[in-house]
Ligand SMILES: [Zn+2]
């Protein structure tokens with residue numbers, strides 16, 4: 001492997017801000033893949049023809065998506081494995097055994113690595129427990145979220161990702177519930193043995209989807225002190241409202257001033273979970289990427305990109321703003 005470890009890279013280049021890619025799931029949808037199914041953007045990879053037919057249309061679409069994000073300036077990119085937990089895959093596709101599941105993940109990761117080349121960083125993306133019950137935007141984990149066995153849910157995907165050298169960083173994305181956050185933070189280096197980050201799913205009024213404030217989250221970290229897993233490289237927000245995202249990140253920074261941050265908001269449109277469509281954002285007083293990126297960097301962001309409904313065009317704007325505002 002010719003890449004420097006991302007941990008070392010971030011430590012040795014303290015002023016560097018890495019540009020992340022955009023929302024792969026919605027981008028694949030924009031490009032004509034029908035992702036409306038329980039495994040969402042994993043769907044093209046589940047079909048055997050994706051692997052056997054090198055000229056398959058879906059294969060071309062995924063490849064071009066990565067190429068366009070790279071051309072826009074992305075330096076760190078993600079696998080499309082948000083809805084690819086063993087539970088989601090085994091309950092909703094013909095892939096039933098752990099062996100078949102590992103083969104699927106290995107293929108997705110190798111394909112993504114081939115698309116982006118050896119030099120770029122690759123994130124193994126993992127949706128939260130709530131993703132398989134559509135709870136990542138309301139944080140509703142039922143009556144006893146403290147009793148959920150989060151580790152058992154994540155373990156097959158984590159075991160695979162930890163063993164895969166093509167992945168530089170693990171991303172726990174869109175975490176909406178404080179019990180899930182506490183569970184992830186309770187796992188030590190033996191369990192989470194590779195660099196990882198946590199992206200929180202935060203309401204536009206600035207609290208975690210389950211109502212936990214950023215101050216409370218700051219206190220959780222403070223109470224852990226030096227027991228926080230050294231592989232936790234960044235904390236941040238993803239798929240949060242574009243316009244509200246700078247103040248949310250600033251609030252996290254205020255509570256945890258030494259924590260390196262990651263931010264990749266959605267486009268600002270709002271997903272109607274009943275009608276399953278994206279509704280336009282209220283464009284009054286909408287911020288620009290330039291304004292947003294400047295505030296992120298001032299608040300300690302080290303990785304900046306976009307989540308759902310952001311496109312290579314957004315990544316280009318982010319990339320220009322990062323050049324302008326990072327030292
Ligand atoms: Zn998203």
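Heads up, the Cβ atoms here are built off N, Cα and C, so glycines get one too.
Curation plays no part in TrEMBL annotations; they are all automatic predictions.
Listed features, source TrEMBL:
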DOMAIN    6-322  domain 'Hcy-binding'
BINDING   239, 307, 308  Zn(2+) binding site
Number of other Cβ atoms within 10 Å of the Cβ of residue 308 (Zn(2+) binding site) across all protein chains: 22
Position of peak Cβ density within 10 Å, selected from the binding-site residues 239, 307: 307
Env. residues of Zn(2+) site, Cβ within 8 Å of mean position of 239, 307, 308 Cβ: 23, 26, 174, 238, 240, 264, 265, 266, 267, 306, 309, 310
Taken over the domain 'Hcy-binding' (6-322), the model's mean pLDDT: 96
Three-class DSSP secondary structure - residue 239 (Zn(2+) binding site): coil
